[in-house]
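Colleague: Dropping a structure here in structure tokens format, bear with me for questions.
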Amino acid sequence: MGDGQAGSVININGSASGQQAPTSNSPTLTRKSSSSELPPELRILCFDLTHYNQTTQFLLSCAGVFILYILYGYLQELIFTVEGFKPFGWFLTLVQFGYYIGFGLVERRLEAYRSGRRSLWNVEPAPRCIPMKTYLVLAALTLGTMGLSNSSLGYLNYPTQVIFKCCKLIPVLVGSILIQGKRYGPLDFAAASCMCIGLAWFTLADSQMTPNFNLLGVAMISGALLCDAAIGNVQEKAMKEHKAPSSEVVFYSYGLGFVYLFVIMLVTGNFFSGFAFCLEHPLQTFGYGFLFSLSGYLGIQFVLALVRSSGAPIAATVTTARKAVTIAFSFVLFSKPFTVQYLWSGLIVVLGIYLNVYSKKNKLTFADIRSRFKQFGFRLARSPSRKFLVEV
């Protein structure tokens, strides 16, 4: 959407510069041309990037994505290196959700302040747009995604977890076919196949290199991907139907998810053991957890800005490059075994991601392939047969 908006602004400006006649005396035309030349608004929290050129917007968004998500991955892995913390991945999720509630509330007040022009602390956030029953479903899916993803680090290497996250297309493709009845082209299926092959190879290499490899971690991160795939479909439908801002979706999803998880941990008794452990290591848990949550929350804002300014395919390419850099940093900063199979299987996954991005710009269908095969067969049938005469 952002790519289309940026393109329309460039085309309008170009046509206006090439045609001088219509901009003469008509106030209507003058008003239209001045309003059409306004670029689409691009904000990251309270920072306005609207009046920067598209290249500057892209570079700032890329820098934010790389810096914040590399910091996010580093802090996440660092927290799990604390001795004895691995069983408390769900408590880390509870802490993260609590911080996200505070960040979301501040962002909603900032949005209301910008629109109402009143004091920041006297302004009230906009009323809720999406029905509560939808948020109850979104909160459960968000809890499954974040909780299972965090907890899987107790059983998997961080690079393996990131590789699994790169393969989100697989459950998204299957879920949208079964739930929404969408149709996909051959490039999408080729991308999913590459991801499956690379993922299986990477997991096999990890099971051979890591002595504490546990299939429970694979099950957890797979469950997180399934929840993440369902979130995309539910969020997209709800935001289109009710015109809800992203800050509202984040606030209610994580707020209700916090309530879910808090009740579950109270009933199971895991809350008190996790809280006691974190009180013994406040800096490594609550302190690093704050920076971990803040970098993740701000990273979401930069990704959304990148989508608006450069389009979803470019954003997907940037986030994929970010994940590759994160994996490299993980091997450099944290000691872990390495094998060349990690590299080759990772490249196969990257190929799948590239095919997925390429398919967004080139809508190749199975009908196109069949028609091309028919044309090729027709040309072969019409080509004159060559006779080779051998004279003796």
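Yeah, the Cβs are placed from backbone N, Cα and C, and that goes for glycine too.
So Swiss-Prot lists these for the protein:
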REGION    11-35  region 'Disordered'
TRANSMEM  62-82  transmembrane segment
TRANSMEM  87-107  transmembrane segment
TRANSMEM  136-156  transmembrane segment
TRANSMEM  159-179  transmembrane segment
TRANSMEM  185-205  transmembrane segment
TRANSMEM  212-232  transmembrane segment
TRANSMEM  249-269  transmembrane segment
TRANSMEM  286-306  transmembrane segment
TRANSMEM  314-334  transmembrane segment
TRANSMEM  338-358  transmembrane segment
Colleague: Per the definition of 3+ C-beta pairs under 8 A with sequence separation of 6 or more, do the transmembrane segment (338-358) and the transmembrane segment (185-205) touch?
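Modeller: Taking Cβ pairs at least 6 residues apart, the transmembrane segment (185-205) and the transmembrane segment (338-358) are in contact, with 3 or more under 8 Å.
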Colleague: Which residues of the chain, 6 or more past the ends of the transmembrane segment (314-334), have a CB below 8 A from one of its CBs?
Modeller: 3, 58, 61-62, 65-66, 69-70, 73-74, 77, 81, 157-159, 162-163, 165-166, 303, 306-307, 346, 350, 353, 356-357
Colleague: With pairs restricted to those 6 or more apart in sequence, evaluate whether the transmembrane segment (87-107) and the transmembrane segment (212-232) have 3+ C-beta pairs under 8 Å.
Modeller: no
Colleague: State the non-local partners of the transmembrane segment (136-156) in its own chain: residues 6+ outside its ends, Cβ under 8 Å from one of its Cβ atoms.
Modeller: 76-77, 80, 86-87, 89-90, 92-93, 96-97, 165, 206, 212-214, 216-218, 220-221, 223-224, 226-228, 230-231, 234-235, 238, 249, 252-257, 259-261
Colleague: Counting a contact as 3 or more Cβ pairs under 8 Å, with residues at least 6 apart in sequence, do the transmembrane segment (286-306) and the transmembrane segment (62-82) touch?
Modeller: yes
Colleague: Under 8 angstroms, Cβ to Cβ: which one of 62-82, 159-179, 249-269 has the largest number of such pairs with the transmembrane segment (212-232)?
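Modeller: Most contacts with the transmembrane segment (212-232): 159-179.
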Colleague: Take the transmembrane segment (185-205) and find every residue of the same chain, 6 or more past its ends, with a Cβ under 8 Å from one of its Cβ atoms.
Modeller: 160, 163-164, 166-167, 169-170, 173, 218, 339, 341-342, 344-356, 358-359, 362-366, 369
